[in-house]
């Protein structure tokens, strides 16, 4: 059950929303929070009921260690408890996400014969692990209040943010659950929530899922690609990833607003960035916040000299790469962003200033090329894609036409199941319009800030939900969000 599915929009969400505020209206506020917690568990368990045991264990483990580390007075004992708590979280994440990757590499390096487990990655484990590590560290620092178990469990499982973020912080979420001013329905929040949910829904089913057809087909046929095909394939993925992941963030913000809960922003026009540091201030902002507060600063940040600063930057980006996936492609992707961030800082210290257009092009080109490693199934496939992208010795109109002809042969180039084969011209036009919208138009957060709720706008937003859902039914059915895999 995903946010863009019929069963979520027209069955699960109305029931969860209605029960939550109905119980609040009866004055049973604690029971209302418990109902939202149960709804969140149902949402998570809908994917695979076995996941419930894992997330339940994780919640109990971290709540207990958080209570323990906050009560102990000995600094040495607190450090030991914190170390065990963090180690437990990383061990759980490492077992499910990295066991096979480590086993494969050990088998190659040492001619070992470690059996692969082929474990199914539990949904959202990377997100709720970091979320709870932050809670443990804050408990160690004495920065947490004595939350009761249900509010803590709801903080972890709150379904709008559970599967793919944003990585929320206990200080910004739990107090909202306990604020009595949020216990009644607010028409303004409902209108604003539906508005940004509609934007996310359209970005997902109308743009991201369409781009995914071309990106997936291209990467599946990477050995056959020419330069035109390769660039269109990689650009399709670059745009797909942004529209897909930011769509989830928009929809999560919108759903949470229905419950009068404000989630942090996760995207703010990252592809408009003029340097790589600005990109990371606007892309997956809550992950960057976590890595900065709970890794970069504890390592010393920029307080211990230039060399140590560059090492710390490299470490956080390597961790970011590893967090995203178990594979050398993710490690290389993280290392490239770390290197680019170091170079960007060196350029700034040297006083080098490039014109806006040049710096933007260089930044976007780097981000785009790095995404090739992020998307590729192997380093070899990534390099094959690069070979195709830059094999331009005989570039001509004929080569361009051959590339379009290859695209036209892709059987999956049907936007709707009943539609005729989509032409190459449509492909390029659609990709161009999506890119232009990304580079020029206001982002969804800016649109939300300008939005003025009213009965007419609420009716229009509701109509948009119906129209987009109708289109989704005929187009791509219910494709998962990309970050569900992380």
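Here the Cβ of each residue, glycine as well, is placed from N, Cα and C on the backbone.
TrEMBL lists 6-23, 30-47, 53-69, 81-99, 119-137, 149-168, 245-265, 307-324, 354-374, 421-442, 454-476 with the feature transmembrane segment.
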Can you say which of 53-69, 149-168, 245-265, 354-374 has the most Cβ pairs under 8 Å with the transmembrane segment (6-23)?
245-265
Give residue numbers and ranges for long-range contacts of the transmembrane segment (149-168): same chain, 6 or more residues beyond its ends, CB-CB under 8 A.
16, 30, 33-34, 36-37, 39-41, 43-44, 55, 58-59, 62-63, 66, 123-124, 127-128, 130-132, 134-135, 174, 177-178, 245, 248-249, 251-253, 255-256, 259, 261, 263-266, 284-287, 289-290, 481, 483-484, 486
Long-range environment of the transmembrane segment (354-374) - Cβ separation under 8 angstroms, sequence gap at least 6:
234-235, 237-238, 241, 270-276, 278-279, 324, 329-330, 332-333, 336-337, 340, 382, 385-386, 389
Which bits of the chain, at least 6 residues beyond where the transmembrane segment (53-69) starts or stops, bring a Cβ under 8 A of a Cβ in it?
44, 78, 81-82, 84-85, 88-89, 92, 122, 124-125, 128-129, 132, 135-136, 139-140, 144, 146, 149, 152-153, 156-157
Six or more residues out from either end of the transmembrane segment (245-265), which same-chain residues have a Cβ under 8 Å from its Cβ atoms?
3-4, 13, 17, 20, 36, 158-161, 163-166, 168-169, 172-173, 176-177, 182-183, 185-186, 189-190, 192-201, 203-204, 208, 284-286, 289, 443-445, 448, 481-483
